[in-house]
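> Under the heading signal peptide, Swiss-Prot lists 1-13, citing similarity to another entry as support. The disulfide bond annotation in Swiss-Prot covers 24-37, 30-42, 36-51.
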């Protein structure tokens with residue numbers, strides 16, 4: 001529950017600071033990391049770029 005609340009607050013913070021509204025959804029099509037919420041990055045899946053969790057180094 002706390003994680004969901006935190007994600008919601010981060011998305012609302014992005015909207016409040018003037019960024020484009022984003023949907024916090026795994027696998028959402030994107031053009032850059034700005035199209036994704038904090039815990040996701042815009043990564044290639046081979047065919048297209050989608051919001052996914054960053055696997056790290």
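Each position is counted from 1, following the chain as shown.
Note that Cβ sites are derived from N, Cα and C of the backbone, with glycine treated the same way.
Because the structure is a prediction, the values reported are computed rather than measured.
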> So for residue 42 (disulfide bond), how many other CB atoms are inside 10 Å of its CB?
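Within a 10 Å radius of the Cβ of residue 42 (disulfide bond) lie 18 other Cβ atoms.
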> DSSP three-state call for residue 51 (disulfide bond): helix, strand or coil?
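The residue in question, residue 51 (disulfide bond), is strand (DSSP, three-state).
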> Using the alpha carbons only, what distance in Å do you get between residue 51 (disulfide bond) and residue 30 (disulfide bond) once rounded?
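That separation, Cα to Cα, works out to 6 Å.
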> By CA-CA distance, flag whichever of 24, 36, 37 among the disulfide-bonded residues is nearest to residue 30 (disulfide bond).
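Checking each of 24, 36, 37 against residue 30 (disulfide bond), the shortest Cα distance is to 36.
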> Check residue 42 (disulfide bond) against DSSP and tell me helix, strand or coil, would you?
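The residue in question, residue 42 (disulfide bond), is strand (DSSP, three-state).
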> Calculate the distance in Å between the alpha carbons (Cα) of residue 24 (disulfide bond) and residue 36 (disulfide bond), and round it to a whole number.
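Between the alpha carbons of residue 24 (disulfide bond) and residue 36 (disulfide bond) there are 7 Å.
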> Specify the secondary structure state of residue 24 (disulfide bond) as given by DSSP, simplified to three classes.
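Once the DSSP labels are grouped into three classes, residue 24 (disulfide bond) ends up as coil.
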> 24, 36, 37: which of these disulfide-bonded residues has the highest Cβ count within 10 Å of its own Cβ?
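Answer by Cβ density within 10 Å: 36.
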